[in-house]
Amino acid sequence: MPKKCRHLLQTSDLSLDEIKLLLKKASVYANDFNAVSLETKEKMHNKIIVALFFENSTRTVSSFEIASLRLGAKIVKLNMQTSSASKGETLTDTFKNIHAMQPDAIITRHAFSSAPFKLAEFSQCPLINAGSGVSAHPTQALLDLLTLYQHFGSLENLKGKKIAFIGDVKNSRVANSNIKLLQRLGLEIMLCAPSSMLPTTSLKTTHNIEEAIAFADILMSLRTQTERHNAPIFASLKDYGNAYCITQQRLKAHAKNKEVIILHPGPVHRDIDIESAVLEDERSKVLEQVKNGVAMRMAVLEFLLLD
């Protein structure tokens, strides 16, 4: 019989109690990355984690690597451009070969939404989805939740808060994972984008950024995923920015909550997604999200490998 283990493929894999546990542990690490217990370091010392990223990444792959090392584990990053995948080896065969080497966990990112679910069917070690197509990016949603949890003080305080997602919602796995998670926690959600960037949904939608800003306590800006577009939607990114950039002027004129906070999963297109002045504003939580990425991924790895 195959050994049973926990995977993190989507946020619904976690119960509310488990999410609270991760928030508690990640909060400790966010306050002090060195707050790893000696017992945890000893248990993680011989753990080997493999990162299989079939799509480019800066923040996610780096924070998983740093998280692994801070816990005391070792991480192997496979360069897909120089691996046998570039010679025509299938995703499944690449995964099975790495899996046969018996790592303690595998972190994967792939352009196909179904990829991690397919691989999890025969994985006998914890599998973490670090981004799959347009469907899911669970650790990003968890680190974003940690950022909101820190700002508002508790999950109870988050209930009823209003968040607007602005940008390419349809093609954003970050938005998809966040929406599913935040709905569970009682937040009110609005999507703001041109028609071609909006999914079919029962959620509130608008094409008007001013309306979204007026609605929100939290603004989540999303980049335009041009690599997933079949045809240009705007003549240029500048034209898109003219319609959907979060600017100081727009915040001043339309934000009903003057303490509205701004998030972005990165990479940020400066002065297209968010105006540079807004990124430097104290209401911007973008770099806090990056820091929290390490803390939350430390908590996730510890949870899956040790608990």
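Yeah, the Cβs are placed from backbone N, Cα and C, and that goes for glycine too.
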From Arg109, Arg184, Arg283, the one annotated by Swiss-Prot with Arg59, Thr60, His137, Gln140, Gly266, Pro267 for carbamoyl phosphate: Arg109
Could you measure the widest C-alpha to C-alpha distance across Lys87, Arg173, Arg223, the residues recorded as binding L-aspartate, and give it to a whole number of angstrom? 31
If you measure between the CA atoms of Thr60 (carbamoyl phosphate binding site) and Arg223 (L-aspartate binding site) and round to the nearest Å, you get 16
Fewest other C-beta atoms within 10 angstroms of its own C-beta: which of the binding-site residues Arg109, Arg223 fits that? Arg223
Gln140 (carbamoyl phosphate binding site) to Arg173 (L-aspartate binding site), Cα to Cα, whole Å, comes out at 9
Within 10 Å, the Cβ with the most other Cβ atoms among the binding-site residues Arg59, Lys87, His137, Arg173 is that of His137
Go through the binding-site residues Arg59, Arg109, His137, Gly266, Pro267 and tell me which ones have a CA within 10 A of the CA of Arg173 (L-aspartate binding site). His137
